[in-house]
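> The structure follows.
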Amino acid sequence: MRAWTGSWRWIMLILFAWGTLLFYIGGHLVRDNDHPDHSSRELSKILAKLERLKQQNEDLRRMAESLRIPEGPIDQGTATGRVRVLEEQLVKAKEQIENYKKQARNGLGKDHEILRRRIENGAKELWFFLQSELKKLKHLEGNELQRHADEILLDLGHHERSIMTDLYYLSQTDGAGDWREKEAKDLTELVQRRITYLQNPKDCSKARKLVCNINKGCGYGCQLHHVVYCFMIAYGTQRTLILESQNWRYATGGWETVFRPVSETCTDRSGLSTGHWSGEVNDKNIQVVELPIVDSLHPRPPYLPLAVPEDLADRLLRVHGDPAVWWVSQFVKYLIRPQPWLEKEIEEATKKLGFKHPVIGVHVRRTDKVGTEAAFHPIEEYMVHVEEHFQLLARRMQVDKKRVYLATDDPTLLKEAKTKYSNYEFISDNSISWSAGLHNRYTENSLRGVILDIHFLSQADFLVCTFSSQVCRVAYEIMQTLHPDASANFHSLDDIYYFGGQNAHNQIAVYPHKPRTEEEIPMEPGDIIGVAGNHWDGYSKGINRKLGKTGLYPSYKVREKIETVKYPTYPEAEK
């Protein structure tokens, strides 16, 4: 009996691995074999065509906008100059129209379809492999069972990396990669223009203002997120953010000694009337509103994460895997524009450390978080995911050295990592680790260290950390501003991404689920699930809001519920 008990333990382990892999694959595959009836397939095709037509219509609208006769002088201000510009625009328009005609005629490109079929075949072959190997496990025991289970896990890794590599190339075919680059750039520039307009009113004395004091009693990452929260409320209520940062615990000279001012025209909090936050409607006749920390905010406005602007939601859903993180990252991007001295410091540190790609960022928090907000994680737990991602990177690029940027507040960890993993090149500045200790944390030197750590972590090709750490989440947010979509470029050993003080994080059940154990909860398609966390084993934990039951459910059976809010669109920023 013991042999069979051991066998079934391994069988369950492999099935969990299979379920996790299906979660990754399921979000990308074009076909859904669980819904084979003809009407569902036809509906999917119609919806896909409608989405393509919608995007083409939007592109044509932008094209028509660009074809308007330019106002004011062009070139030398002559009629010839105007004609030349219009001719160039007309040629460009004809090229784009021809591209649309080809798309309508030919559908998806050859490379796209070849890769789609390869992924489909890869998923089938993986299932065939699992069925065969699990049957073999039933007849094994002892060391032979252990050896065979290890081999299965090794082979599963190869299968998973092959499918993920094909999915990456699929995302780049038929100009999709170029489109994603351009669309992400356009969206970023649009939002940054809106923020810049809001933050630089023509007459500061008449501007509606929201005052935010940076000195919340916590560390740098937490304080930065506090300012981001203030900024999002300011943006939503159409108020210029006034950041009070004198006698900042990290730099007594204030925010502006490290980063560029949040406004070039309006830093004075004075106004005809001042009051504490009492809600957007109640404060409409108050010129200057003081905002508390998010923990004390009442009433709560709709502009808190994880909501995204309604006018950008459709575009964000197409271009980014986590629109809520992208939206937060736009405010972080604006806030942390460095002063020249800091820019120079970053450049010098890059050269001194020899920071280059490919590189994976690892952040290990060991001091104040351990035992309270987070569990202790040995370096081995991080390095498992580092090695996995390097093997994946090697499928599509040359990995000359396996580099790891190690950021930690434990000065002894660098030596331990180098000893245990001599085949890796660890990039780290131990002086930053010393300055991150509890006794040195709130100094200008410590601030410099944490800024550098966050910078290099965000620049990495992949991030392994604990999302319970604000530093890790800030690095992940900045990473989103450096790529069209870096939402999947991380592995957290504990929490899923969250923003302190956020509104409820909900998911929607896509497939039904019948509990197999008392720990699991039932689901029907359409049920709203309030997610508490992902266990990173194929299961998440949450509450079925319809039933009021809390427990585990398969992660692949849900999708994110995107919350949208009617943010102001600031059309004046485009003039």
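Quick reminder: no glycine exception, Cβ is built from N, Cα and C everywhere.
Below are the features listed in Swiss-Prot for this protein:
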TOPO_DOM  1-9  topological domain 'Cytoplasmic'
TRANSMEM  10-30  transmembrane segment
TOPO_DOM  31-575  topological domain 'Lumenal'
DOMAIN    206-493  domain 'GT23'
MOD_RES   Ser278  phosphoserine
MOTIF     299-305  motif 'SH3-binding'
DOMAIN    502-563  domain 'SH3'
> Looking only at the domain 'GT23' (206-493), report the model's average pLDDT.
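Reported value for the domain 'GT23' (206-493) is a mean pLDDT of 94.
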> Looking at Cβ-Cβ distances, which residues of the chain lie under 8 angstroms from Ser278 (phosphoserine) while being 6 or more apart from it?
Pro299
> Going by DSSP, how much of the motif 'SH3-binding' (299-305) is helix, how much is strand and how much is coil, in residues?
0 helix, 0 strand, 7 coil
> In the domain 'SH3' (502-563), how many residues does DSSP call helix, how many strand, and how many coil?
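Here the numbers are 3 helix, 29 strand, 30 coil.
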> Does DSSP put the residue listed as 'phosphoserine' in a helix, in a strand, or in coil?
coil
